[in-house]
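Here the structure comes first, spelled out in structure tokens, and everything after it is commentary.
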């Protein structure tokens with residue numbers, strides 16, 4: 001959810017409509033700072049409505065929720081659903097107070113589930129966490145035995161021996177134990193000692209490395225654009241604004257840019273399950289969202305999360321990420337969690353941007369932008385009457401907006417600040433909504449006593465110990481007004497400059513013989529250098545992500561002098577490319593299309609419930625319905641073929657699956673092109689089907705095509721390329737007689 005919840009948007013719209021026409025005109029024409037000053041007085045009557053909406057977004061630590069998730073975790077553990085148990089114990093830990101026996105119990109329970117999943121190193125980390133948070137002394141022998149078994153599985157015999165000695169000493173100090181549980185512990189202790197003595201431990205287990213992409217390509221970095229290849233140059237014109245062009249011929253697959261986001265904020269997920277409907281009955285949600293799956297700081301996929309000490313929302317992959325996030329921004333965001341979820345990701349990004357930049361830098365640039373002598377420099381890209389290059393009168397030379405004093409364009413706050421907000425292109429009503437929302441954030445900072453921390457960057461206590469010694473006032477302090485002006489600028493910038501960080505996420509389906517993945521929006525970010533690329537629905541580059549870092553590669557040959565184009569998504573910008581030259585009104589078909597999509601989703605639910613035959617019947621009916629109002633070339637027709645292929649693959653009917661996927665591939669090629677990343681993902685699925693169906697020659701040729709395409713878009717070290725190479729190796733190792741037959 002990029003923008004606020006619908007109820008707040010409606011509330012702001014009613015407030016705007018009720019204003020006197022003259023005041024609306026003044027607000028519409030006012031500079032950002034002046035609009036905010038007027039908005040402070042208008043926010044008061046709307047504050048209660050926003051507070052009521054914020055109560056639906058539950059981000060505090062609630063003991064009742066902790067009990068619920070822990071009991072659900074125990075239930076899943078009893079069913080041997082260890083992965084679900086890990087997730088539920090993590091949610092329970094997020095609701096427990098830090099350094100308490102209750103949170104220690106969550107970590108200990110989670111360590112047991114991790115042990116059964118074979119994640120022995122992570123299991124050891126959870127055992128250490130349980131001990132450090134005050135795990136009950138009487139229960140310690142059980143987790144110490146688990147620790148010894150992990151060490152044994154990892155081949156660390158001496159450490160395992162030392163741990164068993166500690167267990168023996170502990171049990172001896174506690175005296176004679178005759179209960180069934182104690183007898184079981186003694187039996188386990190004896191068994192582990194025997195295994196160590198006989199040296200019968202298995203080969204040391206290797207933990208999965210995860211989706212780590214290793215870059216081996218050597219390239220020459222650009223001296224003027226941080227993170228960019230020397231094959232690019234930065235140009236400027238009134239028509240195109242700042243843009244990147246090829247300074248030499250570029251080949252497909254060539255790396256053009258490697259940039260870490262200046263700021264990124266995790267998107268909660270498609271379901272927005274943290275935003276509950278008004279209800280007197282408390283219902284805890286067990287659905288999985290991005291907030292449960294990825295680190296809120298580095299965006300690494302989570303296995304055993306570290307919860308924030310102050311809220312139940314933020315989760316991290318390591319204590320280091322938790323500490324860095326706290327020091328840089330989360331100590332301020334933590335008490336504002338419900339408000340930020342209610343207002344949406346764009347406002348969260350705006351706040352985090354100014355927190356990372358710091359008041360000193362924000363103040364410098366806001367004051368600079370207010371200076372009349374710099375208005376041409378700030379607005380040089382707006383088009384019209386401004387010269388093709390802006391003149392920095394202080395330096396006496398022409399510069400491109402966003403560059404530093406040395407003429408370098410860096411991935412810095414100055415570059416972020418100089419991205420165009422396109423104030424004149426936003427409707428007055430939308431600007432009013434954004435202004436009210438920014439005022440709400442700053443008022444909350446003022447009321448909760450966080451203003452000093454925001455302005456001075458001073459360290460503060462943990463979230464559970466935050467002091468609410470703030471003040472209430474209809475006006476913001478001059479310093480907060482500066483921060484508010486910058487935040488409002490950033491929210492308006494995001495409409496055209498936000499970059500979605502996406503990941504390929506596996507979909508739940510069938511027996512796992514064929515891995516079905518789809519791109520999922522993981523986070524919203526500012527990439528100052530990547531934002532130099534103008535939009536086109538026919539881009540000539542592909543962007544892939546690893547954590548918060550973006551890698552840009554050429555997706556086709558780019559001759560010297562040609563502009564580099566990126567597709568930001570159809571909701572962002574108007575586009576003059578050939579792909580967008582014609583638009584068809586779908587208003588009359590929208591409801592029918594929505595009904596069809598809902599039926600397709602029901603079919604996939606049947607597949608997830610192992611009702612493949614029923615899923616096929618429903619999908620075939622969807623096909624008949626679709627043919628009545630969609631063209632044969634519509635992308636949804638391809639999705640139907642893709643889903644049918646998925647169901648037949650689950651049933652092991654590989655030829656049928658390949659036939660349906662082949663039809664899907666034809667439509668993907670028609671819409672996205674034969675060398676598109678979408679084509680690469682479809683060929684990857686076809687390769688899996690042909691591999692499982694033992695169609696060796698077809699599988700090998702499909703693997704080669706998929707490799708050629710995906711290596712261009714994702715790099716030669718991506719996970720999918722490695723899986724394709726493993727399939728190829730397996731097929732080539734088959735006996736020659738089998739290869740000749742197939």
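From the backbone N, Cα and C atoms, a Cβ is placed for every residue, glycine too.
The S-adenosyl-L-methionine binding site annotation in Swiss-Prot covers 110, 111, 112, 418, 534, 535, 568. Here Swiss-Prot flags 295, 298, 317, 321 as Zn(2+) 1 binding site, drawing on sequence analysis. Sequence annotations record features per position, and here Swiss-Prot assigns Zn(2+) 2 binding site to 308, 311, 330, 334 based on sequence analysis. According to Swiss-Prot, the feature domain 'SET' maps to 230-569. Annotated zinc finger per Swiss-Prot: 295-334, in sequence order, evidence recorded as sequence analysis.
Sequence features, as recorded in Swiss-Prot, placed on the structure.
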| residue | record | DSSP class |
| --- | --- | --- |
| 110 | S-adenosyl-L-methionine binding site | helix |
| 298 | Zn(2+) 1 binding site | coil |
| 308 | Zn(2+) 2 binding site | coil |
| 321 | Zn(2+) 1 binding site | helix |
| 418 | S-adenosyl-L-methionine binding site | coil |
| 534 | S-adenosyl-L-methionine binding site | strand |
| 568 | S-adenosyl-L-methionine binding site | coil |
Position of peak Cβ density within 10 Å, selected from the binding-site residues 111, 418, 534: 111
Sequence-distant neighbours of residue 317 (Zn(2+) 1 binding site) in its chain (C-beta under 8 A, six or more apart): 295, 297, 298, 300, 301, 302, 303, 305, 306
Coarse DSSP state, helix versus strand versus coil, of residue 334 (Zn(2+) 2 binding site): helix
Listed binding-site residues 308, 311, 330, 334, filtered to Cα within 10 Å of residue 418 (S-adenosyl-L-methionine binding site): none
Candidates 308, 311, 321, 330, 334 (binding-site residues) with Cα within 10 Å of residue 568 (S-adenosyl-L-methionine binding site): none
Site extent for S-adenosyl-L-methionine, whole Å (max Cα pair distance, 110, 111, 112, 418, 534, 535, 568): 51
Least Cβ-crowded entry, counting other Cβ within 10 Å, from the binding-site residues listed as 298, 308, 334: 298
Binding-site residues compared (110, 112, 295, 330, 568) - the one with the fewest other Cβ atoms within 10 Å: 112
Cβ-centroid neighbours of Zn(2+) 1 site 295, 298, 317, 321, 8 Å, sequence order: 294, 296, 297, 299, 300, 302, 316, 318
Among 311, 321, the one of these binding-site residues whose Cβ has the fewest neighbouring Cβ atoms within 10 Å: 321
Rounded Cα-Cα span from residue 334 (Zn(2+) 2 binding site) to residue 535 (S-adenosyl-L-methionine binding site), Å: 35
Nearest recorded site to residue 311 (Zn(2+) 2 binding site) by CA-CA distance, among binding-site residues 112, 321, 534: 321
